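S.K.: Supplied in structure tokens, the structure appears directly below.
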Amino acid sequence: MSAPRGDHAILRARNLTKRVATLGPSTDVLRPDELIKFLDLVDGVRINLAHASPNEVKFRIEAVRSYEKAKNRPLAVIVDLKGPSIRVGSTSPINVQEGEVVKFKLSDKSDGTYIPVPNKAFFSAVEQNDVILMLDGRLRLKVTNTGSDWIEAVAESSGVITGGKAIVVEGKDYDISTPAEEDVEALKAISPIRDNIDYVAISLAKSCKDVDSVRSLLTELGFQSQVAVKIETKGAVNNLEELVQCSDYVVVARGDLGLHYGLDALPIVQRRIVHTSLKYGKPIAVATQLLDSMQSSPIPTRAEINDVFTTASMGVDSLWLTNETASGKYPLAAVSWLSRILMNVEYQIPQSPLLQNSRDRFAKGLVELAQDLGANILVFSMSGTLARRIAKFRPRGVVYVGTPNVRVARSLSIVWALEPLYIPAENYEEGLEKLISLKGTTPFVATYGIRGGVHSVKVKL
């Protein structure tokens, strides 16, 4: 396996843009030593509930927490909801050829002579001349005729359709409530391990009403997870500022966005989402097809390297690998290459214009002071609020964050530049002194946040 040379621990220490890798069948079969190297090179992991049983989720999270305990290094765990998508019902493979007339029917299953779709919302949404996209956009079908429970379309490309494949209508959102019933059941099934889940990612959210519904469900089930909102439809982009403000983390889901917008428009949409998130100081990730060729190749293409470099240079908090690590042949090489590329990007990211208030100004002042002194920033925080505020201003050095709350430590691990440390302490003064004793060997600017409007800052030159 061809992978970048170098000490992966050094790579991890220098990465300010965080790395998230999706766990799946490919990571399940890594040898113990390979899994350790793999997790050394990421800051968080993602598990897609659309492709993982409750037992698989439990197995993967246990492996991460075992590593975390052995290394004393917190990692964020993200579970990704399937969302209210429309998918093909049960069917034998259907080989569609370009120019062929294809029929969709309202049905749970098919003998392979038509495409079964067990959801009326699909047939309500589709109109004549619409374009139906399947297989990540590789299969395009132009709608020629519709009925209340059937649709005819002409294939504009070829492909093989199997059960469970997603169906997208170009430029349209389905009128389906969020969370979907499947998501409710999935969250109930994994609720026994809810304390190990740091973020729940919402798919196909269109408004803050959708986000609030998921938050209410999480509260009802006893989850304390933060909510990441995936921006992946035109409806979400149209409500972008609203969605960004009601989320804890924003994700540019490029795969689905590419189905709703022309591929030539995708870079513009991506930049808009990133800039809006930075404006409101919300952590922002970009996901999907970053190193896609590494599903079958031990090295990325030059175009992929340039894409990762350019995307990171926009100032994102994290980059998420999906199929590259979940089902690809070279998961360890993929995270190694991601780290290697990011090493050349960090210090070229400009400061981002952000909304200002007094607490923002305090955080910005800390960042500027540390930068002028060539110092690290040390923060002791109970909730992580000040640490996140500091990260908004994109410090150029590592920010060590001590916290007595392991959940806070885990959630901060995928925020720009933050290096969380679990430090038990009864109060802020004790916690900051413990942090300084661990990480205060070089010039530093240290603080423990805001209590009643009073700031305490220590500087070592």
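The backbone N, Cα and C atoms fix where each Cβ goes, and this holds for glycine too.
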S.K.: According to Swiss-Prot, Asn48, Leu49, Ala50, His51, Lys165 bind ATP; which one of Arg87, Arg215, Arg254, Arg271 is listed for that same site?
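M.R.: So the ATP site in Swiss-Prot includes Asn48, Leu49, Ala50, His51, Lys165 plus, from the candidates Arg87, Arg215, Arg254, Arg271, Arg87.
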S.K.: Which of these, Thr17, Thr219, Thr288, does Swiss-Prot say binds substrate at the same site as Arg46, Gly255, Asp256?
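M.R.: Swiss-Prot lists Arg46, Gly255, Asp256 binding substrate, and from Thr17, Thr219, Thr288 it also lists Thr288.
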S.K.: For Arg46 (substrate binding site), which of the recorded positions Asp80, Arg87, Lys165, Lys230 has the nearest Cα in space?
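M.R.: For Arg46 (substrate binding site), the spatially nearest of the recorded positions is Asp80.
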S.K.: In which DSSP state, out of helix, strand and coil, do we find Gly255 (substrate binding site)?
M.R.: helix
S.K.: Within 10 Å of Leu49 (ATP binding site) by C-alpha distance: pick out those among the recorded positions Asp80, Lys230, Glu232, Asp256, Thr288, and say none if nothing qualifies.
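M.R.: Close recorded positions: Asp80.
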S.K.: Measure from the CA atom of Lys230 (site 'Transition state stabilizer') to the CA atom of Asp80 (K(+) binding site) and give the result in Å, rounded to a whole number.
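M.R.: Cα to Cα, Asp80 (K(+) binding site) and Lys230 (site 'Transition state stabilizer') are separated by 9 Å.
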S.K.: If I restrict to non-local contacts, at least six residues apart, and a C-beta distance under 8 angstroms, what lies near Thr288 (substrate binding site) in its own chain?
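M.R.: Those within reach of Thr288 (substrate binding site), by Cβ under 8 Å and sequence separation of 6 or more, are Ala253, Arg254, Gly255, Trp320, Thr322.
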S.K.: Give me the largest Cα to Cα distance among Asn48, Leu49, Ala50, His51, Arg87, Lys165, the residues the record lists as binding ATP, in Å as a whole number.
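M.R.: Taking every pair among Asn48, Leu49, Ala50, His51, Arg87, Lys165, the longest Cα gap is 16 Å.
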